[in-house]
Amino acid sequence: MKTSLKLGGAYIGLVVGVGFASGQEILQFFGGFGLMGLAGALVALALFAFLLMNLYQIGSRLQTQSHKEAMEYICGKPLGRVVDLMLTFFLFGTMVVMFAGANSSFEQQLGIGHSIGGMVLGVLTVITVCLGLKRVITLMSLITPVLMVIVAIIAIYALTHIQKPLAELEQIALAVPHPAPNWLLGALLYVSYNVAATAAAVVVMGGSVANLRTAAMGGVFGGIGVGVLILAMALVMLVQIDVIGGSAIPTLLLSNNIAPWFGDVMLALLLVKLYCTTSGFAYTLAARCAAYGVPFRVATVVAVVLAFIASQVGFVKLVGLVYPAMGYLGFVLMAAIVIAWWRNRSAPLPDQQNA
């Protein structure tokens, strides 16, 4: 049970990134659909639990330390290579959104130039990755629980400071631009891009666990945990939709409504999370490019510069463009996971894993 809970917690740490903590992701994919968005959150909970259960089990079954091996097992060799390249695109796409989030956070909280946040993040990322300071990534494991506590405080504040009737709030929410035509597709896209973006890490974590049932329960716990957080955040976005307005970072706005100093704390946590996430993704992306003969440091600088340039489109627009694109592509991996589950549903477990 302890190992399963650790696996579940590890996945929550992967998913609860800046996009989630900012509230913008949840606003577009769930909160903006009103009450049906809450139904979408329940669908997401079930899908996360099912897909993570299978990814953790696949990693455990293969005892793999390589995501490529797992992708080829899930998708077959030819498609597995395509999916692996697709995951590289996801790394870069997420980096772009992270830079845009830094720009919007600095601009909204400090009132400074739109690109300053991204510039600061870019310089820190290049220095961190090029100097090989990989240990800074462990900050993420410390920041995530604190960030979740802050988000919980914001949720309590939001639910105790509702200013308009629910029916009126829902009408305001439905006017929010959506990245999907309906609540169900919105939920599917959200699950798809999150699972696809984290699949490589999940199967490797699953490979560290010998017992298939333990690995499976880790996926179930992780999926339920993420689903509950989505449901809570979607409810916050819905009941505070009249206050949020067109804010790029809704939780930052709500934090300032609690107290200005609380907003500064939220900004600091978001920036540290941005820094850790971007450094980790840049390192992984540069390492992949290095495997094809591109010098590691050159790949790092080029990836950071291109991500910064692309981030000028704006955080809100990028969340509504990049993540849905990743979601549609991610449907390929989702389908492959379901097929792999169907193929192996009656496969006997190794004796040592039944112990």
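From the backbone N, Cα and C atoms, a Cβ is placed for every residue, glycine too.
If you look up TrEMBL, you'll see 33-58 (among others) marked as transmembrane segment. Long-range contacts of the transmembrane segment (33-58) within the same chain, counting only residues at least 6 positions beyond its ends with a Cβ under 8 Å from a Cβ of the stretch, are 7, 11, 70, 73-74, 166, 169-171, 173-174, 178, 182-184, 186-188, 190-191, 194-195, 199, 202-203, 205-206, 209, 212, 215-220, 222-224, 226-228, 230-231, 234-235, 238, 334, 337, 340-341.
Nonlocal intrachain contacts for the transmembrane segment (79-100), taken as residues 6+ away from its ends with a CB within less than 8 angstroms of a stretch CB, comprise 18-19, 67-68, 71-73, 118, 121-122, 193, 196-197, 199-200, 274, 277-278, 281-282, 284-285, 288, 303-304, 306-308, 310-315, 318-319, 322-323, 325-326, 329-330, 332-333, 336. Summarising the annotation, TrEMBL assigns transmembrane segment to 79-100 (among others).
Taken from TrEMBL, the feature transmembrane segment applies to 112-133 (among others).
Among the features that TrEMBL reports, transmembrane segment is placed at 140-163 (among others).
Residues or ranges marked as transmembrane segment in TrEMBL: 183-204 (among others). Long-range contacts of the transmembrane segment (183-204) within the same chain: residues 11, 14-15, 25, 28-30, 33, 36-37, 39-41, 43-44, 47-48, 51-52, 55-56, 58-59, 62, 64-67, 70-71, 86-87, 90-91, 94, 219, 226, 230, 323-324, 326-331, 333-334, 337, each at least 6 residues beyond the stretch ends and with a Cβ under 8 Å from a Cβ of the stretch.
The transmembrane segment annotation in TrEMBL covers 216-241 (among others).
Annotated transmembrane segment per TrEMBL: 261-286 (among others), in sequence order.
Sequence-distant contacts of the transmembrane segment (298-315) (same chain, six or more residues past either end, CB-CB distance under 8 Å): 22, 24, 92, 95-104, 114-115, 118-119, 122, 125-126, 129-130, 248-249, 282-283, 285-286, 289-290, 321. Look at TrEMBL and you will find 298-315 (among others) tagged as transmembrane segment.
Taken from TrEMBL, the feature transmembrane segment applies to 321-342 (among others). Within the same chain, residues 19, 25, 29, 50-51, 54-55, 58, 73-75, 79, 83, 86, 89-90, 93-94, 96-97, 179-180, 188-193, 195-197, 199, 313 sit at least 6 positions outside the transmembrane segment (321-342) and bring their C-beta atoms closer than 8 Å to a C-beta of that stretch.
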Listed stretch, out of 112-133, 140-163, 261-286, that has the most CB pairs under 8 angstroms to the transmembrane segment (216-241): 140-163
Distant-in-sequence neighbours of the transmembrane segment (140-163), which means Cβ under 8 A and at least six residues beyond its ends: 12-13, 16, 21, 169, 229, 232-233, 235-236, 239-240, 242-243, 251, 254-255, 257-258, 262, 265-266, 269-270, 272-273, 276-277, 280
